[in-house]
Amino acid sequence: MLRWYVHQFGQKLVRRRPLEPLKEPESCGAPLNSLDLVILGVGKIMRAAIYILIGKMVKYVTGPAIVICFLVAALFSLLSGFCYAELWARVPRSGSVYLYSYVTMGQLYAFLTGWNLILSLVLGTAILARAWSYIFDSLIGNHISQALQGTFSLYVPHFLAKYPDFLALALVLLFMGLQMLGARDSSLFNKVFTGINILVQSFIIVSGFIKGDLHNWQLTEQDYTLNTSESRGTSRLGPLGSGGFVPFGFDGVLHGVALCFYAFVGFDAIVSRGEEALNPQRSIPLGITFSIFICFLAYFGVSASLTLILPYYQIQPNNPLSQTFLHGGWISARYVLSVGIICALTYRLHSAVFPMSQVIYAMAEDGLLFRGLAQVRAHTGTPIMAIMSSGNLAVMALLFELSDLVDFLSVVTLLAYTPVAFSVLVLRYQPHLKEKTEEEIEMEPEAEGNPLDSVPEAGTSNILKSLWFPTSPTPTQKSGQIVCRCAFLLVLLLTILSLILAQWPSQVLSGDPVLTAVTVLLLLLITGVTIIIWMQPQDPSPLYFKVPALPVLPLVSIFVNIYSMMRMTTGTWALFGIWMVIGFVIYFGYGIQHSLKENNELQPPASTSQT
């Protein structure tokens with residue numbers, strides 16, 4: 001009896017949602033070509049909040065080397081974008097990665113994906129609202145921040161922001177109210193405000209060529225002492241003013257790469273609209289590639305211009321653009337740029353609020369979150385309770401400093417990329433996944449009752465032979481299990497390797513005997529396990545898009561994501577741990593008992609219940 005309940009509990013965790021056939025077209029608009037997807041992607045990826053984040057990163061983390069950080073982050077974001085595209089190809093429906101995970105990987109996997117997706121959207125909204133508040137406050141002489149800081153700074157704990165940002169709070173509540181009234185995003189608005197954003201960035205880039213000085217990329221400590229009244233300056237990565245183009249060393253570049261991943265979030269919008277594309281096989285990868293490339297050029301140009309116009313240690317962190325142009329004597333340009341950035345931020349904030357409540361609504365409708373959150377307002381058809389709950393979460397996030405929010409969001413973003421790459425790695429080697437998903441309700445009890453029943457007993461030699469020389473040219477249940485177990489082992493090995501390289505890099509490079517031996521052993525194990533996966537047969541079923549060079553590219557993406565996460569601060573991980581504990585309490589206390597799959601649960605066999 002106990003064994004049966006343990007088996008059923010495990011089945012709940014991995015049970016997949018059946019993919020229901022479409023009864024009618026999901027979109028009645030015109031089909032999207034590659035250019036439409038590129039415009040959509042640029043509009044979602046290009047974040048006006050980056051204007052604020054560049055200042056903090058340049059002054060305290062990277063210096064002028066931020067341009068390298070954007071390049072590396074763009075390349076590896078492209079790998080994650082390809083993984084998203086293949087995951088969508090297995091579930092060709094408009095929706096979020098939460099839906100794709102539920103259909104392909106199972107319930108617990110989907111809950112963790114959706115729960116972290118909610119957090120990333122909440123943090124993104126809070127960052128946009130705070131950036132809007134900073135720029136507006138700068139335009140009016142910083143009167144709001146000075147008044148609030150003078151009133152609340154003595155009563156706020158040290159781990160929170162210096163003062164509660166009531167202006168940002170009012171913005172979030174305003175857009176929540178508009179969403180309750182039925183306001184929606186618009187492709188026309190997306191094109192207009194994307195154009196404004198590009199114009200602003202183009203002006204900044206051209207200004208950098210006119211006003212810039214290459215000497216600002218070759219600064220010395222003597223330049224720092226001559227240009228500042230302070231005797232010295234420091235950051236958490238070391239002294240300011242030395243190092244030329246890379247003042248904080250290789251360590252600062254690596255930390256900057258981890259933070260820059262946030263700048264390329266949003267390409268999933270292309271994937272979720274892939275069903276409307278004229279030629280998904282071509283349009284989706286092209287849309288992702290060109291969107292990330294265009295945004296990289298914009299970020300590269302803006303950050304290069306700022307660091308060429310002004311020495312990096314003189315850039316004002318909270319509003320770098322206005323301060324830089326004010327220092328250069330272009331006072332009118334400062335106001336024009338600030339207004340343009342506020343317009344872009346306003347639209348991005350409006351478009352960021354909508355998906356947050358949609359994910360909460362989808363999870364509540366499936367029973368993984370409280371069913372009351374799926375309540376819909378009759379007049380407008382908006383999920384009013386989901387909107388209110390997402391607004392409350394965003395309000396909590398506004399209590400933290402902008403830099404802490406960015407660190408937090410970077411961890412969540414990298415964690416969201418990692419399961420997607422893992423899913424692609426595992427699913428390509430599974431047998432007939434699509435057919436099994438569609439017939440899950442009828443076939444799952446027999447097919448998954450005991451996965452090893454269909455595998456004949458074999459000796460150790462036969463098991464080792466099956467690892468290196470599979471007997472079937474197409475995936476089998478046994479080969480799929482081998483890949484799944486090897487993939488989990490690889491994640492563990494890559495995590496240990498990333499921890500060593502992130503915490504003790506100098507010892508490894510200097511030839512410490514213990515750490516070097518462990519690193520070499522880990523690399524050998526990773527190589528061997530990767531070869532085992534590579535030898536297994538792949539599913540030949542046609543898909544709209546497949547990630548090339550499996551299993552190498554997903555594994556590279558997983559390693560970069562994990563390594564970047566290992567470079568985050570302990571406080572960031574503590575906050576994330578609290579969020580995950582809350583999520584596990586909700587899932588195991590409510591979601592696992594009230595999910596839609598619970599209604600299809602089998603009763604214990606009569607013979608078992610009598611024992």
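In case you wondered, yes, glycine gets a Cβ from its N, Cα and C as well.
A TrEMBL annotation is a machine prediction, not a hand-curated record.
Fair warning: this is a prediction, and the values are worked out from it, not measured in the lab.
As annotated in TrEMBL, transmembrane segment covers the listed stretch 384-402 rather than the other ranges in 42-60, 384-402. Pairs of Cβ atoms less than 8 Å apart link the transmembrane segment (66-88) most often to 252-271, out of 108-128, 192-210, 252-271, 482-502. Residue counts for the domain 'Cationic amino acid transporter C-terminal' (545-595) by DSSP state, with H, G and I taken as helix and E and B as strand, are 40 helix, 0 strand, 11 coil. Taking residue pairs at least 6 apart in sequence, the transmembrane segment (514-535) and the transmembrane segment (252-271) share fewer than three C-beta contacts under 8 angstroms. The transmembrane segment (192-210) and the transmembrane segment (108-128) are not in contact, since fewer than 3 Cβ pairs between them lie under 8 Å (pairs 6 or more apart in sequence).
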